[in-house]
Amino acid sequence: MPAEDHVTSVIATFSGYSVILVGIGVWAYKREKALKAAHQDEMTAHYLGGRSFGPIMTAATVFASLFNGFSIIGAPSESFYRGFFSLTWIVSVVGIISGYFATGLRLRRASEVRNHQSSVDFITDRFQSQYCRASIMLLQVVPTGIFLAGQIVAIKLAFNPVFGLEPDNQWPSIIIVGVILLFEWAGGLNSVAMTDTIQGFVIFVSYLCVPIAIYMNYGGYEDIDLSTFPRPDFFQTPSKFDQWQFWQFTIINIAFFGLPPLIQRTYAARDIGSLKLAYGVLVCGVWMAIMVGIFVGIMAVKVFGPGFYPPSPFNSMMENLMDLGGFPKVTAVVVVTAFLAAVMSTIDSLIIAASQLAMNEMVMPWVRNNERLSSDRSVTWFGRACSFVITAASLAFGLHWEGTTFSIIELQLSMTLQTVPAWFIGLYSKHEFHPWPIATGAWVGGLWVVLFYEYYMRDNPDRLPINNGVSGLGINLAIVLIGESTRVLLYPNKTGDRALEPEESSNTNTNSLTTDPTTDGSESDEGKKEPRLLFPNRPSWDVPSLAHFGDKPMSWRVLKKYMSGTHEVATNPYWVTFMLISMSLATPLVPQKEPPILEDGTFAYEPTRVFGIPWFAWKSILFSVIPSFFLLIEIVRMPTKFGPEKEDWEIFDDVPQPSFAEKERLIGGDNSIKFNAQSTKEIDDSSGDSRNGADGKSLPMEQAIENKAD
């Protein structure tokens with residue numbers, strides 16, 4: 001039970017922060033109204049902040065989305081109970097940033113050109129399949145809800161004890177989440193981003209002060225006496241089980257980029273220059289935030305001694321600092337306030353991301369063509385209803401969760417990992433995969449994650465070190481590869497690399513197949529031309545409306561065209577391989593349980609330590625520096641704007657590229673890929689009437705080459 005003056009101090013500080021929140025809410029409400037008045041549509045203004053976030057706000061809101069309240073108490077709790085195993089958080093966050101950086105450029109460029117708004121728009125546009133769209137959407141909504149529930153778990157573990165409340169008291173969580181929901185209704189992403197900016201600054205300052213306060217009063221790692229330290233096993237090399245867990249947790253964290261809040265920030269930034277600063281802040285911030293959290297947890301073991309097992313080591317350590325008074329007390333009060341602010345901001349962020357996904361993918365397709373239901377007022381209330389339902393479901397899940405903070409984030413990331421094949425195939429594959437194997441692999445992998453956790457991993461101390469996410473990803477990839485190989489071998493479809501137009505009646509006849517390659521593109525209900533289909537031989541129920549993305553399909557060649565002239569290190573297989581290997585080497589691959597601990601609790605021989613830290617932990621730290629350093633180099637090299645696109649006739653989105661010999665024949669030996677005048681004449685001569693349409697008029701070169709290909 002905290003002292004009364006501690007509670008008073010926290011209440012006073014938190015009240016001051018609440019006043020700031022009210023001011024931010026008013027500002028965000030007025031800003032959103034101004035964006036709408038400036039002809040911004042309701043969805044863009046509320047859910048993307050008008051796509052106007054500059055470098056500082058983008059960096060702050062991305063940093064807050066990653067280093068949230070869940071992370072603030074997660075790292076100290078993990079290190080308090082598992083020691084230096086918690087270093088997995090550092091290399092895991094490096095994996096998160098690598099995945100976010102590798103996918104961010106292409107997702108951002110596609111969103112600019114194709115007007116993508118929700119995190120599933122890219123999947124819908126790229127694969128042109130309702131089945132694939134629904135599968136990925138489910139694997140985004142559910143993990144986002146679990147992540148939101150994790151923040152509620154954080155409130156239960158740390159908020160209640162700060163104010164002297166019982167840990168199982170649910171009303172503080174309900175009240176806080178209710179207030180946050182009102183802020184989301186009022187200001188949208190603008191309020192989230194501004195509170196993130198303030199919260200990020202407070203966390204940065206307070207986290208610089210916390211280790212200083214602890215070191216001044218209790219010393220550091222080098223002051224730990226192993227003969228009296230309650231957990232000497234922290235200085236033993238980890239078991240084989242823990243080493244496997246360490247590596248697998250690193251792998252599943254790469255999927256973090258697929259969560260809607262991070263993709264939403266990618267779309268909301270003003271330009272890629274703003275994202276560049278955000279990536280750099282993340283790489284540098286991981287070392288400060290996680291290393292401080294680990295230090296807090298391990299020093300708490302030293303401070304409290306044996307037999308002390310609090311529900312929140314972070315909270316207990318902050319109370320201890322408050323008892324010291326002076327500088328430590330001020331620091332602890334500010335850190336606790338920053339934690340509460342981080343939880344509130346992250347909850348707001350997750351609510352608005354999940355609400356946007358539900359609105360874009362479930363509500364808007366239903367109301368888009370109804371003038372009354374699609375009005376700004378109706379859309380606003382539909383959005384509020386989505387936010388309320390998602391929040392209520394996550395609140396119920398979080399209040400009844402009985403697992404650890406590590407287990408809930410592991411479950412969330414394991415499910416998100418099943419979307420990674422769809423993202424990377426869609427972004428980088430030069431082979432057009434049929435959407436059905438991708439969708440089937442995703443939802444089967446997601447189902448495996450849940451069932452394997454529930455019936456094998458949960459409360460099973462004798463389980464093997466098999467991660468449900470990594471094993472689910474293996475099943476996922478096997479289904480994708482087997483399904484696509486079967487299609488290519490048994491049902492070869494020559495149109496997989498060449499887009500064909502949907503049958504005009506495909507939107508009305510639910511039993512028809514889109515098979516006719518000669519028909520003109522059908523028109524959507526909005527009067528826009530639908531793009532041609534990459535895989536037309538599918539039932540019409542599987543073909544979504546795509547006209548609002550453009551009148552051409554987004555094939556891999558179109559993506560390549562969009563990124564022409566822009567440096568992309570993620571397309572370099574050597575760099576990708578190097579990053580994966582270097583992150584894997586951060587796992588402490590060492591003989592287990594060395595040095596042995598004797599029956600009297602002492603070591604058989606003194607463990608090797610450097611500045612008080614065991615040598616295997618130093619190995620992990622140093623190997624984590626390597627991918628961080630090279631990632632930072634590429635972020636510095638990242639452009640601040642996209643390069644100019646090549647001409648339309650230079651790269652075609654729907655015509656197979658000619659062979660090298662054909663290029664040489666057309667170009668006449670020129671090393672350039674461009675078609676010269678002689679190439680044009682040869683195409684004209686060899687294709688007969690291919691340059692002329694039905695009315696005798698000359699056709700564009702792109703259409704002429706298409707006719708020749710036919």
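Using N, Cα and C of the backbone, Cβ positions are placed for all residues, glycine too.
Where the annotation comes from TrEMBL, it is an automatic prediction and has not been curated.
Taken from TrEMBL as is:
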| type | residues | note |
| --- | --- | --- |
| COMPBIAS | 505-520 | compositional bias 'Low complexity' |
| REGION | 497-536 | region 'Disordered' |
| REGION | 672-710 | region 'Disordered' |
| TRANSMEM | 6-29 | transmembrane segment |
| TRANSMEM | 53-74 | transmembrane segment |
| TRANSMEM | 80-102 | transmembrane segment |
| TRANSMEM | 136-159 | transmembrane segment |
| TRANSMEM | 171-189 | transmembrane segment |
| TRANSMEM | 201-218 | transmembrane segment |
| TRANSMEM | 244-263 | transmembrane segment |
| TRANSMEM | 275-301 | transmembrane segment |
| TRANSMEM | 330-358 | transmembrane segment |
| TRANSMEM | 379-401 | transmembrane segment |
| TRANSMEM | 569-590 | transmembrane segment |
| TRANSMEM | 610-633 | transmembrane segment |
**Prompt:** At an 8 Å Cβ cut-off, counting only pairs 6 or more apart in sequence, do the transmembrane segment (201-218) and the transmembrane segment (379-401) clear the bar of 3 or more pairs?
**Reply:** no
**Prompt:** Would you call the transmembrane segment (330-358) and the transmembrane segment (53-74) in contact, using three or more Cβ pairs under 8 Å, pairs 6 or more apart in sequence?
**Reply:** yes
**Message:** Can you tell me which recorded stretch out of 136-159, 275-301, 610-633 has the most Cβ pairs within less than 8 Å of the transmembrane segment (379-401)?
**Reply:** 136-159
**Prompt:** Which bits of the chain, at least 6 residues beyond where the transmembrane segment (53-74) starts or stops, bring a Cβ under 8 A of a Cβ in it?
**Reply:** 89, 93, 96, 147, 150-151, 153-155, 157-158, 192-194, 196-197, 199-201, 203, 256, 261-262, 265, 268-270, 273-278, 280-282, 285-286, 289-290, 293, 312, 314-315, 338-340, 342-346, 349, 405-406, 409
**Message:** Between the transmembrane segment (244-263) and the transmembrane segment (610-633), are there three or more CB pairs that fall under 8 A, provided the residues in each pair are separated by 6 or more in sequence?
**Reply:** no
**For the transmembrane segment (275-301): best-contacting stretch of 80-102, 136-159, 171-189, 244-263, 569-590, by Cβ pairs under 8 Å** = 80-102
**Message:** Can you work out whether the transmembrane segment (136-159) touches the transmembrane segment (244-263), with the criterion being 3+ CB pairs under 8 Å where the paired residues are 6 or more apart along the chain?
**Reply:** yes
**Asked** Considering pairs 6 or more residues apart, do the transmembrane segment (569-590) and the transmembrane segment (80-102) have at least three CB pairs under 8 Å?
**Response** yes
